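Here's the structure we're looking at; comments come further down.
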Amino acid sequence: MSTAYLKSDFENNVIFGPMRPTFDLRSNGVNPVSQGIGGNWGRFLSLVAACLIAGYAYSGTEIVCAPHGDQKGFWRILLFYCLASFLVSLNIYAGDPRLLRYYYGAIIDIDNLENNYAFKLVGGDKCNNTYKLFAGMGNGSQSPWSIAFQNAGLCTWSSTLNGRKAPRFLRKCNRFGIPHYAVLVASFPALSAFICVSEKATVVFQNLTNVISSAGWLVWFSMCLAYARFFFGLKRRPDIISREDKAYPYRSPFQPYLAMFGVFGLAFIILTNGFVVFMKGFWKTSFFFSSYGSLILFAVLYCVHRVIKGSSMLSLEALDYDSGKRETDIYIWDGGKDYKRQTIRDLPHKLMNFLA
């Protein structure tokens, strides 16, 4: 039994563990069990809500490329990342009012947080509360890091423009080589910061995370669907190469089951992203559109593109497996000699890659 569970105060409904005893969207950490949804249904809703919150952490779809070098040494990620996060979750009260909530319908006022019983029980009243004084300074100090991080998206944005996946006018540059139209369009989302004028910052943050999460899930869904079609389409083209062939590159295990699990699992998450608005007494228009706005926009753009371009989804037999195959064949024929050839100038670069 977890030592954190032994610290539970059952008399005041402060119960430690992976999940709260009931699913209560208006819980302040000490609400009685009678106010929430209990049983298996309540635990299922709690699990879904936790997955929806965690989805924001996976909105950066470029992470499928970053850890590909650790595919053989995944134990380090499993032990020091996944397992460590799980152990931390066992020692934090699931009803702590400071935790990120799925629904901010009755969020506790931060000025009255010190008077909350659950907050006091875990020692929160003994922590330094001057963070509000330095909040602005802290956000300002992070600005350089945020700007530097966006340089990583330059490759993605450039590929989108050069691959003709965006309107043509966005590729136009001024005499300094700056795509001013693209910069202007990309700056529009920053205007959403003015929403804080009429709403609490926590509500605005929730709406923005919902928009980002739902858009990220659509990208993950599309990638899983594309791979599933690639997998089954390759079986229709025995003249290319068999997936069981030793020369087949980038073979992932448990396919196509993992891809199909991603397709159906992500479809379920996308459709249930804003399930709370369909519960009695929890309808909120802004929450609905922040949860399903990306899905609506995706469907509209898909239908408009299909009508204007007259395109349709290709059959598995018509998928293109020939583009880029010549380069792969050359690599196989010569054993990668042309790609592995290095000179003395490559040594510093190789050393930096080893240290990184």
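Here the Cβ of each residue, glycine as well, is placed from N, Cα and C on the backbone.
These features come from TrEMBL:
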type	residues	note
DOMAIN	164-309	domain 'Amino acid permease/ SLC12A'
TRANSMEM	44-61	transmembrane segment
TRANSMEM	73-94	transmembrane segment
TRANSMEM	178-195	transmembrane segment
TRANSMEM	215-234	transmembrane segment
TRANSMEM	254-279	transmembrane segment
TRANSMEM	285-304	transmembrane segment
Beyond the flanks of the transmembrane segment (44-61) by at least 6 residues, Cβ under 8 Å: 19-20, 23, 37, 100, 102, 209, 212-213, 215-217, 219-220, 223, 269, 272-273, 275-276
DSSP helix/strand/coil residue counts for the domain 'Amino acid permease/ SLC12A' (164-309): 101 helix, 0 strand, 45 coil
